[in-house]
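Asker: Have a look at this one before I ask anything.
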Amino acid sequence: MSPINSSTIVAKFGGTSVANFEAMSRCAQIILNNPEIRLVVVSASAGVTNLLVKLGNEVLSANEKESVLQQIRNIQNSILNDLGRPVKAQDVISQLIEQLAEIALHPLLITSTKLKDELLSFGERMSSVLFAEVINKISGQASAVAFDGRQVLKTDSSFAKAEPQLEATRKQANSLLKPLLKNKVVITQGFIGQDNFGNTTTLGRGGSDYSAALFAEAVDAFALQIWTDVTGIYTTDPRITDKARPIKEISFDEAAEMATFGAKILHPATLIPAIRSGVKVFVGSSLEPDAGGTWISKEVDYRPAYRAVALRNEQTLLTVKSPEMLHATGFLARVFAILAKHKLSVDLITTSEISVALTIDNPANTPIAGLVAACVKDLSSFCDVNVESELALVAVIGNHVEHNDGKQGGAGRIFSSLEDDQLRLICHGASEHNVCFLVKQENAKDIVRQIHDDLFSV
Ligand code: ADP
Ligand code: ASP
Ligand code: MG
């Protein structure tokens, strides 16, 4: 087997980029214009994963289920129609929809995370088949092939937030994927993987970015392109304020902080494989591929004090108090052992002599919500736990933001326009790349707009 050319590019297309035939055709053109793009990772067509989540999580009557299934069928059928209903693809899609309908009606679905992951995988499995077909129609030859990425992306069995197994993934990529890339553009699925028992797993919502970075690492790619619906990473979510500006170049560290603290543009784990393997990452818009975008790399020329503001909703604040905490050893260890048992990670933490306050990501209607409830129950067995929800975490990302000299950076400038009662908890000083605080979710967007104005309008 000849080694993969180090110019191999992995390109990932998100849900809106593969929403329908027209969007898929635009993406096909991006691929066909660049022969270095050999591996393509796709999301489910926009809306499909949400419909699958609905089937898996809500108690629905048979009629309601059928109506959701019909919406999914309609999305696939409209693409098949625009393709001219090619027989082979049509057969594959009908089989997938049949299997999907069977799982949707399974009596144990609502309680089985294993079945839910199997169900959620169908969005990407269908879009990858259809997208390969679109590329071949546009190029007029069989240049693209759909490939079941579960054969390569091996994970543990933590359904809904599976952890990749890197060595096994690399081994599979070497034997199955790399040889294919020599002659074909390979279209595979983001978001999904497979455990050691052959069960389908998923990497968590928005996980296709992470999959693409894992695939890029496994095939020793030179670069990873993330094609989405905005022209790169902005100083804040452009949906929050039209004053948000695109960032041309950003370091891995800063971009990773942005992703961690809620910038939806990248799944939080995306940059872990990229940093490990040194794969450069580009983020751009499939709607305007020539409009440029953001390059994320290890070294950047410019490291401003303030880079961006990120917002993450659905935060829960737990304040844990123990009468014994005063001078008691081992209390924090006990609290963290329980959090670890439930696989919950803590984002912000502050402590006083008798209490500890910590925040947990707690998105509604996900398995995590159940874990938080179980964790609170366990903690309550040995201490008082106060739970506050409907909070949002705002993070100001930059360089040396922990310095408080007020000249270049500093927290003073961040908080100068906020009222004290708008802030619930502040974490400052632990990281050189962020200052974070909690606010009420209902005020969060206004606060982000305000801070963004203060820091970025010159
Ligand atoms: P995809 O389906 O392509 O993965 P997502 O919806 O997951 O796309 O992510 C793209 C969205 O991320 C944008 O439409 C934008 O609203 C949001 N977003 C949040 N923060 C940022 C940011 N700092 N810069 C750009 N986009 C952001
Ligand atoms: N389709 C999955 C989701 O909507 C994964 C992704 O698009 O990144 O969450
Ligand atoms: Mg996404």
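Just so you know, glycine gets a Cβ as well, placed from its N, Cα and C.
Model, not experiment: these values are computed from the prediction.
In case it's useful when we look at the structure, here is the feature table from TrEMBL:
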type	residues	note
DOMAIN	8-284	domain 'Aspartate/glutamate/uridylate kinase'
BINDING	K12, F13, G14, G15, T228, D229, Y234, R239	ATP binding site
BINDING	T49, E124	substrate binding site
DOMAIN	406-454	domain 'Aspartokinase ACT'
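Neighbours and distances for these, please.
Answerer: As a whole-number mean, the pLDDT of the domain 'Aspartate/glutamate/uridylate kinase' (8-284) in this prediction is 97.
Using a 10 Å Cβ-Cβ cutoff, G15 (ATP binding site) registers 24 neighbours. The DSSP secondary structure for G15 (ATP binding site) is helix.
Secondary structure at E124 (substrate binding site), as computed by DSSP, is helix. E124 (substrate binding site) counts 29 other C-beta atoms within 10 Å of its own C-beta, drawing on all protein chains shown.
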Asker: Using all protein chains shown, find which of the binding-site residues F13, Y234 scores highest when you count other CB atoms within 10 A of its CB.
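Answerer: Of F13, Y234, the one with the most crowded Cβ is F13.
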Asker: Roughly how many Å lie between the Cα atoms of F13 (ATP binding site) and T49 (substrate binding site), rounded to a whole value?
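Answerer: Answer for this pair: 15 Å between alpha carbons.
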Asker: Hey, how far is D229 (ATP binding site) from E124 (substrate binding site), Cα to Cα, in Å?
Answerer: 18
Asker: Which binding-site residues from the set K12, G15, T49, R239 come near ligand 2, judged by a Cβ under 6 Å from any of its atoms?
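Answerer: By the Cβ criterion, which requires under 6 Å to ligand 2, the hits are G15, T49.
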Asker: On the Cα atoms of K12, F13, G14, G15, T228, D229, Y234, R239, which are listed as binding ATP, what is the maximum pairwise distance in Å?
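Answerer: Overall maximum Cα spacing for these binding residues reaches 22 Å.
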Asker: How big is the Cα-to-Cα gap, in Å, between G15 (ATP binding site) and T49 (substrate binding site)?
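Answerer: G15 (ATP binding site) to T49 (substrate binding site), Cα-Cα distance: 9 Å.
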Asker: Do any of the binding-site residues K12, G14, T49, Y234 touch ligand 1, in the sense that the CB is under 6 Å from one of its atoms?
Answerer: G14, Y234
Asker: What Cα-Cα separation, expressed in whole Å, is found between Y234 (ATP binding site) and T49 (substrate binding site)?
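Answerer: Answer for this pair: 25 Å between alpha carbons.
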